[in-house]
Amino acid sequence: MPPKTSGKAAKKAGKAQKNITKTDKKKKRRRKESYAIYIYKVLKQVHPDTGISSKAMSIMNSFVNDIFERIAAEASRLAHYNKRSTITSREIQTAVRLLLPGELAKHAVSEGTKAVTKYTSSK
C-alpha cells in the first residue's frame, strides 16, 4: 500500500503536477526552412521594381527544392555507377548537364564554376 499523505501534502503534489503540465503544453515554434530570401535577392537583381506574391514565392520555393533533389539524386546515381563514395563538384556538374536543357545547362555550369572558384579563393 502506498504511504498516506496529509491533505496539504496531497494538494502540493497536485499543484506541482499542474505546473509541469502547463510548461509542457507550450510548443516550441519550429522554424520553416525556405529559399525565399535568396529568391527575393535574385528577383531584385534582375527586376528591382518587381515584387512577388506569397503564393508565387511558395511555387518558386517548391521549384528550387525539386531541382536540388533531382540534381542530388542524379549526382548520387553517377557516383554509384562509377563506384565512388563521394559526390564531388564533377558529379554535380554532370548531373546539371544531364538534367537541364541546352543553353540553360551551359549557364548553370558556368555560374556554378564561378561560385565554387569564389568560395575556394575566399578560404
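Positions of Cβ are set from backbone N, Cα and C atoms, glycine also.
What Swiss-Prot records for Lys118 is ubiquitin cross-link, and it gives similarity to another entry as the kind of evidence. Swiss-Prot lists Ser110 with the feature O-linked glycosylation site, giving similarity to another entry as the kind of evidence. What Swiss-Prot lists as N-methylproline is Pro2, and the listing cites similarity to another entry. Residues or ranges marked as N6-succinyllysine in Swiss-Prot (evidence: similarity to another entry): Lys44, Lys114, Lys118. The feature region 'Disordered' is assigned by Swiss-Prot to 1-30.
Feature annotations (Swiss-Prot) mapped to structure.
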residue: Lys44; record: N6-succinyllysine; Cβ contacts under 8 Å, 6 or more apart: none
residue: Ser110; record: O-linked glycosylation site; Cβ contacts under 8 Å, 6 or more apart: none
residue: Lys114; record: N6-succinyllysine; Cβ contacts under 8 Å, 6 or more apart: none
residue: Lys118; record: ubiquitin cross-link; Cβ contacts under 8 Å, 6 or more apart: none
